[in-house]
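S.K.: Quick paste from Swiss-Prot:
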- 154: active site, nucleophile (ACT_SITE)
- 319: active site (ACT_SITE)
- 352: active site (ACT_SITE)
- 224, 353: substrate binding site (BINDING)
- 48-358: domain 'AB hydrolase-1' (DOMAIN)
- 321: site 'Important for acyl-CoA specificity' (SITE)
């Protein structure tokens, strides 16, 4: 067996679109940029393309490293590359930074052509369906009429699912990992707490903080801390941190004492240093609004009737943010419609973030699934 390798040094590309993009919120984006990366080679038949959809804080940088920043490794580098589950010797892999993002695609930090200033909070609300429409236009630009597969975890899984409903004829296979057909009330509640942390930060300035030369770092830090708790499992937090005290004994202060406090503050500070608060607000609302069954009276069976792809649905036993029960809802609806679907529930202790990790059972499953896809 070939030893897995990195795709090596990569470089992002930018596609500009002049054609207005109608949005589900009622607005229109007159023109926009999408930043993307590709790995592997598109075959002569243009039949080996795989789209990887990112989650809330992800980006187009799925695999490889940048020449000027070799420590910036793609967020799914353990999965994508020669000899890896998503093998770039076989597939042409595409990663896209979605609209509203903060990694180069048009978003709140971009200039609003109507005002000459950053969009800020005036950037229109975007939905998963809008993202998929924009991705489809990029596929057209690249000459890809049909994807061999579309894959994503968490919010990325929602995009993969939406692709099979919006463009069923353009998707051969879909992998929906650690995802759900819609958010629960509890999930929406977590997102709202995170948003309020940002919205009430004095440096938020109604979303126009760019013009003030500040960022709502305190709010974004707290939002990330709240979110990060939900990405981990109780068992994994207990095993990694337990009740360990940084100083060996209690010092009775509001400063950092427990190791888990130190970890959360570190993650929050790091996130606030590179992510955009408006993008966070926008993307959590995108999550909240996703509900393909809504226009079918809440009937998921009816909503998924349009799908024709072969599916892989994956959940993780300790994921309480998007529990296995939510994945099974998708599976049951697909089976009701007599679609080809494989389901796996992976026993992994890491919680929701398991879909990002190098779990042997998980990767073996994905390798076998991708191996069976004919291009």
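Placed from the backbone N, Cα and C atoms, the Cβ positions cover glycine too.
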S.K.: Under 8 Å between C-beta atoms and at least six apart in sequence, can you list the same-chain neighbours of residue 319 (active site), or say none if there are none?
M.R.: 178, 233, 351, 352, 354
S.K.: Give the three-state DSSP assignment (helix, strand or coil) for residue 353 (substrate binding site).
M.R.: helix
S.K.: Roughly how many angstrom lie between the C-alpha atoms of residue 321 (site 'Important for acyl-CoA specificity') and residue 224 (substrate binding site)?
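M.R.: Given the Cα positions, residue 321 (site 'Important for acyl-CoA specificity') is 15 Å from residue 224 (substrate binding site).
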S.K.: Relative to the Cβ of the residue listed as 'active site, nucleophile', which residues of the same chain, six or more apart in sequence, are found under 8 Å away?
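M.R.: Expected: 55, 56, 177, 178, 179, 322, 352, 355.
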S.K.: Going along the chain, which residues six or more apart from residue 353 (substrate binding site) have their CB under 8 A from its CB?
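M.R.: Correct list: 231, 232.
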S.K.: Going by DSSP, give the three-state secondary structure for residue 224 (substrate binding site).
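M.R.: Looking at the DSSP assignment, residue 224 (substrate binding site) belongs to a helix.
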